[in-house]
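Here is the structure we will look at, set down as structure tokens.
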Protein chains: 2
Amino acid sequence: MLKRYLPIFDWIGNYNQRTLTSDLIAALIVTIMLIPQSLAYALLAGLPPEVGLYASILPLVAYAIFGTSRTLSVGPVAVVSLMTAAAVGNLALQGSDEYIAAAIILAFMSGLILLIMGFLKLGMLANFLSHPVISGFITASGLIIAASQLKHILGIKADGSNLWDLIVSLFSELPSTNIPTLVIGSFATGFLFWSRKYLKSYLLNKGIGHALAEILAKAGPVLAIALTTLAAWGLDLQQHGVQLVGAIPSGLPSLTLPQFEYNIWQELLVSAVLISIVGFVESVSVAQTLAAKRRQRISPNQELIGLGASNIAASISGGFPVTGGFSRSVVNFDAGAETPAAGAFTAIGIALAALTLTPLLFFLPKATLAATIIVAVLSLVDMGALKRTWNFSRSDFFAMLATILLTLAEGVELGIIAGVGLSILLHLYRTSKPHSAIVGRVPGTEHFRNIDRHHVETDNHILTLRVDESLYFANARYLEDRVYDLVMSNPNIKHLILMCPAVNFIDASALESLEAINHRLNDSGVTLNLSEVKGPIMDRLRRTHFVDELTGHIFLSQYEAWNTLRSERVARSVGDL
Amino acid sequence: MLKRYLPIFDWIGNYNQRTLTSDLIAALIVTIMLIPQSLAYALLAGLPPEVGLYASILPLVAYAIFGTSRTLSVGPVAVVSLMTAAAVGNLALQGSDEYIAAAIILAFMSGLILLIMGFLKLGMLANFLSHPVISGFITASGLIIAASQLKHILGIKADGSNLWDLIVSLFSELPSTNIPTLVIGSFATGFLFWSRKYLKSYLLNKGIGHALAEILAKAGPVLAIALTTLAAWGLDLQQHGVQLVGAIPSGLPSLTLPQFEYNIWQELLVSAVLISIVGFVESVSVAQTLAAKRRQRISPNQELIGLGASNIAASISGGFPVTGGFSRSVVNFDAGAETPAAGAFTAIGIALAALTLTPLLFFLPKATLAATIIVAVLSLVDMGALKRTWNFSRSDFFAMLATILLTLAEGVELGIIAGVGLSILLHLYRTSKPHSAIVGRVPGTEHFRNIDRHHVETDNHILTLRVDESLYFANARYLEDRVYDLVMSNPNIKHLILMCPAVNFIDASALESLEAINHRLNDSGVTLNLSEVKGPIMDRLRRTHFVDELTGHIFLSQYEAWNTLRSERVARSVGDL
């Protein structure tokens, strides 16, 4: 029981010198990555930079205790930060105390929702986010995030919760671009793109050892921060209109409970649900990928509890919604993290940064943080996925396209809701017209095959319809239509057999349709028979009146149905003589 | 083309003396039934009684031209009238001009929506209303309707859009019950229940001919109206507080267009969609039942156009939303109606009533109309369906119960939306954990069966998983979990075969899962193979990279997969020697 809800006991017993070393090295690299990211994502969420640091301390410790992934790196991530900005932005003005309080409430609600889902084992809810919808959503979010950060690169004010508003706002403010900011921003963006691609091989060429080059390459953003901060300080860029991060309170966050104000909770509910599910999906898919590489397992329902605990921890320590980040987790994995202790060590690293480094960040230009975000999110944009999905499945393509367009045009929440709704509707539509075939007997065998594809034996008075789908409300009426059409166009038939080898369940709607078919065929003098009904379905049917009222029989095999109905007819026609 | 959208041409050519006689008799009986019903349902919808008559003239003519059912009786029906009251009641005060105008707009919108659905062939949308949800919704609506009419029987004022509010309101007003109204109301209710059950046999016992007894039995409501109207006039009951229908303008409705006011249209949109779908489902299911009895066909998509035209006709002639009524259609069918002309003749009957009978209705007590409604709707209440559904399917039962409770507690619109949402969620949940089995070879055959149920041959290095469901977003992740669990718990295996005879499609999410499974198994040194993939799925897979990247093979049959992988292994171990 304790082990089930506290996965920490799975590994803490075997902890040794070697794992400690591995975890410490990984923690160092991730800390170097996380400092600029946590500041940047706080900026993206519209929050003061220290909130990003606060969200990167306790949540990591909580996840180390409750999470099942050995290598997941929890903390602020781009998409969830954007969703936080969208949710909280409806309630309060950026920069106000209410805004921060709402973000803290949002983290708490998201934590509660994840915990409840975890205890109720509702991890399957994440399944409703189909891959094309997630992929489209993340691509669109990446574009919105990148666009939203351009104002910091240009040194202008611009706003908007969708791409169109953002672009209009940017264009109208373009004339007031601040040149020194643009220089800093362009330099940082260019340097980050370059360091991401070439810094490692450059360092290797310079004769630096592989391990060190690896670490230094990850420190690209830190280097960009150091260089631009120095420039801002040395050239007194604030006087020239460059926006700086400014004073960040030094020290650790104080623990508090979120405000319990009914109205705010109610307003944030939908957003909290969406953030929880999106965060969970993003986190679980990276955790699963990494776990599989080492033949480890994660438990999705326990992951809900781990992420729930992280968000509660974020909330009570002044942070905002967090989840497992994709790129950081990969880095953590590659750097050799072996247990969640690496996350706890990262938390210590960030805590030290919060205690000591904040004065150094006074001169950090916001444009540098914006550049960090832009470079990070553009790697999430995957327009090629549209083409790949188009090739494979048109309906998935439309769900994806709708998600992208609606997210861009109407914002993140409507985009994802529409995507989920559309993929469910398209799925129901797809199963509402199931494949079915008239079958006949392959001569000399007990096999029955589609009469359109095989040379088969048929009988004037017997018609067999094989339905290749479970029967439920979305296709029950289609089945009725199909059967009536068949009876209309084959006036000679006396027996209809529904062959059900691919029917995995029958719901109450389909049962009513079968009853209606039975009665209506009876009015037309045709018996209804079933064959090859699976065991569990048979058990259910036996509890209904349908079996008693059925004008024909239920046969174990189609061959038996065929033989019985044919010989009955022969017997009757002999009797007629 | 003309014939396709104007089904009237299907039958008007063969119209003759005999069909004319049949249709006229049916029309007479339905007219007698429809006069009190149209007045009563207008009352239920909160509209003046003449609106009920107006909704029973032009709509019937429109349906006769555009509808495909020979015997459907279109006009005001109970559930749609209740939904109209709920929708319009949010916008305007009952009795105000705005209220009537909104009901007219609602009919117009509903007509437009039905027409659009018809032209886009979206009749399948009605499939999303599962039988248990419809049944629960109609039962709950019946209870609400009956409760809402009690105030007229008691002669008090009471209001509420859900059952609880209605009951509280009724109880608090109970002391001011008007005794003469209660007497009239109780008499009418008792008489109607009696005449529904016993009047026909009573008349037959009195020696009246069968056909006449049939007609007179249907005239029970007319008789109740006549008796109570006479009583109200003779005893001057209005002076004693009995509410009367009062002055009804005599004559035919004038034709007008509905108001085009953006706000009202927007407010009514959701209601109009729900009314359209509920009305369509009710109408189509009775039309199909009746058509099948005579081996006729109706076209659901053309029915949308027929009902759409009816509602537009209702709107431009001062009526309110209409659809095909269950009981009236059965009466029409039983009375021998052969073509939709019977509906047109009924329209003439109602038009004559509107021209001549309205002065006679001045003294008609509202309690009598309420009694008509109560007796009609209580036959719709089917609590036994709950038990039957419980026996057959728990998840359908919960969808039904939720629909009933939410409709009773929160009103019609929320009830039906929740019911639809829940049945879709439950369906997705059901398919999210598909049945799957590890299979082995039945010795000496080419058959592969569940290892838990049959004595089969297996191989240490080969594992075959048969999945009995199409693979799509709701179960893609489950498949991943299942496969990883299998590989974890069978560390010896070298080849995994997914056997897909029951997989009818694979969507983009499942494809991503297959790709992930392929990569992760590769990391674990296991090949992924597929067998018995259906043709159309194979065609799609060939358009992706999955086939190229697959570490194993795709085999036509499971037997071939088994043979090939076994001999490969033998070949390799021979090579190792």
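From the backbone N, Cα and C atoms, a Cβ is placed for every residue, glycine too.
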Annotated transmembrane segment segment (source TrEMBL; candidates B:174-194, B:468-488): B:174-194
Given ranges B:304-322, B:494-512, the stretch to which TrEMBL attaches the annotation transmembrane segment: B:304-322
Two-stretch contact, the transmembrane segment (B:304-322) and the transmembrane segment (B:342-362), at least three Cβ pairs under 8 Å: no
Proximity of the transmembrane segment (B:99-120) to the transmembrane segment (B:215-235), 3+ C-beta pairs under 8 angstroms: no
DSSP-derived helix, strand and coil totals, residue by residue, for the domain 'STAS' (B:452-577): 64 helix, 22 strand, 40 coil
Contacting positions for the transmembrane segment (B:398-426) when only residues 6+ beyond its ends and CB under 8 Å are counted: 82-83, 86-87, 128-130, 132-133, 135-137, 139-141, 143-144, 161-164, 270-271, 274, 278, 385-386, 389
Touch test for the transmembrane segment (B:74-93) and the transmembrane segment (B:268-292), at least 3 Cβ pairs under 8 Å: yes
Recorded stretches the transmembrane segment (B:132-154) and the transmembrane segment (B:369-386) touching, at least 3 CB pairs under 8 Å: yes
Whether the transmembrane segment (B:215-235) meets the transmembrane segment (B:24-45): three or more C-beta pairs under 8 angstroms: yes
Positions whose Cβ lies under 8 angstroms from the transmembrane segment (B:51-67), at least six residues beyond its ends: 5-8, 34-35, 37-43, 45, 73-76, 100, 103, 107, 252-253, 302-303, 305-314, 316-322, 324, 340-341, 343-344, 346-347, 350-351, 353-354, 358
Integer mean pLDDT for the domain 'STAS' (B:452-577): 85
